[in-house]
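What TrEMBL annotates here:
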| type | residues | note |
| --- | --- | --- |
| DOMAIN | 1-142 | domain 'Lactate/malate dehydrogenase N-terminal' |
| BINDING | Gly7, Ala8, Gly9, Asn10, Val11, Gly12, Asp32, Asn95, Val118, Ser119, Asn120 | NAD(+) binding site |
| BINDING | Arg82, Arg88, Asn120, Arg151 | substrate binding site |
| DOMAIN | 147-303 | domain 'Lactate/malate dehydrogenase C-terminal' |
| ACT_SITE | His175 | active site, proton acceptor |
Amino acid sequence: MKVTVVGAGNVGATCADVLAYREIANEIVLLDIKEGLAEGKSLDIWQKAPIDLYDSRTIGATNDYARTANSDVIVITSGLPRKPGMSRDDLIGTNAGIVKSVTENIVKYSPESIIIVVSNPLDVMTYQAHITSKFPRTRIMGMAGILDTARYRAFLAEALNVSPKDIQAMLLGGHGDTMVPLPRYTTVSGIPVTELIDKDKLHAILERTKVGGGELVKLMGTSAWYAPGSAAAQMVESIVRDQRRIFPVCVKLEGEYGIKDCYLGVPVVLGKNGIERIIELDLTQEEKALLEASRKAVREVMDVLERLG
Ligand code: LMR
């Protein structure tokens, strides 16, 4: 299997590293526009192979998309990260053009690939990749839900003083402050989380999750990379190994949840064909209202993209 990661910044390099040391693909191409950056980082990852004992081959390239030809899966991490005080949506002006040009090259060199978008604003950049590639919705998706639920699960593990391995969670909506974590679908080794934590504590964790990316931007002056890079690699793994894992993934809705023509996070089955199935949950009135608010927020930014042309 051949996987390309476009963008050798923090998120892209972390993703390539996880793909390599977990031997998720045997050929991993890391590509960047900055001369030497992708070559250097992929060489560094390759030199770690004898220490960490893996044989996935990492190859770096500067803007040479011919090296990415016939990739099975492509992860787009290109674009600017946000700085303190910015929202993800503030990046649209710069990142839309970058994602468009990356996608044009993907279509040219890997027309059968599956695209995973990581660039922000996530839902709208996934839409941008869709407009440019015209790939079917099964082969174009955004990574956000795994990251957002991972934050939620990590906060819960800390509060309950239990292993994060045992926490299962689901979440809907856009990758922004309107995301919709679902406590009703959160369990700790099968035990409903509401039986283990009081309402106020859970509420505080849900609110912290919604601004989880912003918390890190404030701390570091730039966006996170370890969890985002690993989350993208986990999606690649489910596809290339045809694991059919169920994750919250940003996908084009065509009537599911009563929503049309909007990219939003929902539970899906991820397998060798990409989005194998969209799972429709039976939502309460309150959850429906929250999802609708999230749809509206994403739609507004999709409209901005359409006006940008
Ligand atoms: C994240 O959630 O960490 C990413 O979307 C990056 C960001 O700026 O929040």
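A Cβ is built for glycine as well, from the same backbone N, Cα and C atoms used for every other residue.
The structure displayed is predicted, hence computed values, not measured ones.
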Check your understanding: Taking the residues Arg82, Arg88, Asn120, Arg151 listed for substrate, what is the greatest CA to CA distance in Å, to the nearest whole number?
Key -> 18
Point to revise | Neighbours of Arg82 (substrate binding site) among the binding-site residues Gly7, Val118, Asn120 (Cα to Cα, within 10 Å) | key: Asn120
Check your understanding: Looking at the recorded positions Arg88, Arg151, His175, which has the shortest Cα distance to Asp32 (NAD(+) binding site)?
Key -> Arg88
Study note, to complete from the structure: Here the 10 Å Cβ neighbour count for Arg82 (substrate binding site) comes out at 18
Point to revise | Assigned conformation of Val11 (NAD(+) binding site) - DSSP reduced to three states | key: helix
Exercise for review: Determine the binding-site residues, out of Arg82, Val118, Asn120, Arg151, lying near ligand 1 in the sense that the CB is under 6 Å from one of its atoms, and give them in sequence order.
Suggested key: Arg82, Asn120
Exercise for review: In whole Å, note down how far the CA of Arg88 (substrate binding site) lies from the CA of Gly7 (NAD(+) binding site).
Suggested key: 18
Review point. Within 10 Å of Arg88 (substrate binding site), Cα to Cα, which of the binding-site residues Gly9, Val11, Asn120 are there?
Key: Asn120
Study note, to complete from the structure: Quick tally, other C-beta within 10 angstroms, Arg88, Arg151, His175; top of the recorded positions is His175
Review point. Among the binding-site residues listed here (Gly9, Val118, Arg151), which has the Cα closest to the Cα of His175 (active site, proton acceptor)?
Key: Val118
Check your understanding: Cα of Val118 (NAD(+) binding site) to Cα of Arg151 (substrate binding site): how many Å, rounded?
Key -> 16
Revision key, fill the gap. All chains considered, the count of other Cβ atoms within 10 Å of the Cβ of Asp32 (NAD(+) binding site) is 25
**Study point:** Alpha-carbon spacing, Asn120 (NAD(+) binding site) to Arg151 (substrate binding site), which is rounded to whole Å
**Key:** 18
